[in-house]
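Below is one structure, written out as structure tokens; the observations come after it.
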């Protein structure tokens, strides 16, 4: 049974005498740092030299240091820089400056789980992963609410890693909503699978296939765009708010009949078998190896496939149609 923690389970006092060094000031970095500061904790920011985020962080009231110096000053080091650069930054700026008894925090388990970062045995390692983008983490905190989060402990040198993680989660507002216990393995593998098979890879490929099917059958690309991409937001919003039940309650009976009878023919057992292969490719580390090598080679496949989609008919039509929708912020 899932184990969930709330406000009463976390003691913010565990962090009151500590300095939290937040590395990175992007989507999660700015939100987590500001929430921690507003919770009465001492927070500093670590950024690479000449970072464009430096002025923003200073304007938000933080002392900003180069990454290595922030690590030296910190007791809790929260690593919120992109996955693909974490390993290099860890080896260069973090590992040489860690002290015994420090805690390393993450919001995604990729580099720990796949062995790209191997912390020394004399530090705690935990993960607190808010299940929303940074702007929502911040907004909910300011409204006196919070977003759900995940908690995992990879290494418990102090005997208090779980408690420190919960204290951190409370500081950013997650315990207001609930924090679910997990592992670095579970968070990493399910997160990657969701991105590849459903949220990003599965969704974009479904959109492209549907759009191309209609256009190849002679329908206007603009109409195909509305039916296969634009209206997706209406359905996703309903799913987000109330699951399958609310979505099906809100659409027409004709749409629901097509949903429940035709949908399984599109996403059939063959697709599910492919999904199992995708999951296995994540579990055995092959995807991680591919992504690491892709970055070392300056992303030739990443850049080529992205450019291809950016120049597609789907994107050209979408750009024109979105100009007709003043409610959409570009």
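Even glycines carry a Cβ here, placed using N, Cα and C.
Keep in mind the model is a prediction, meaning the values are calculated, not measured.
What Swiss-Prot records for this protein:
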ACT_SITE  108  active site
BINDING   191, 195  Mg(2+) 1 binding site
BINDING   252  substrate binding site
DOMAIN    2-182  domain 'KARI N-terminal Rossmann'
DOMAIN    183-328  domain 'KARI C-terminal knotted'
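Between the C-alpha atoms of the residue listed as 'active site' and residue 252 (substrate binding site), the distance comes to 39 Å. Cα spacing between residue 195 (Mg(2+) 1 binding site) and the residue listed as 'substrate binding site': 29 Å, rounded to the nearest whole number.
Straight-line distance linking the Cα atoms of residue 252 (substrate binding site) and residue 191 (Mg(2+) 1 binding site), rounded to a whole number, equals 33 Å. The average per-residue pLDDT of the prediction over the domain 'KARI C-terminal knotted' (183-328) is 97, rounded to a whole number.
For residue 191 (Mg(2+) 1 binding site), the same-chain residues 6+ apart in sequence whose C-beta sits under 8 angstroms from its C-beta are 108, 109. When the recorded positions 108, 195, 252 are compared by the number of other CB atoms within 10 angstroms of each CB, 252 has the fewest. The DSSP breakdown of the domain 'KARI C-terminal knotted' (183-328) into helical (H, G, I), extended (E, B) and coil residues amounts to 122 helix, 0 strand, 24 coil.
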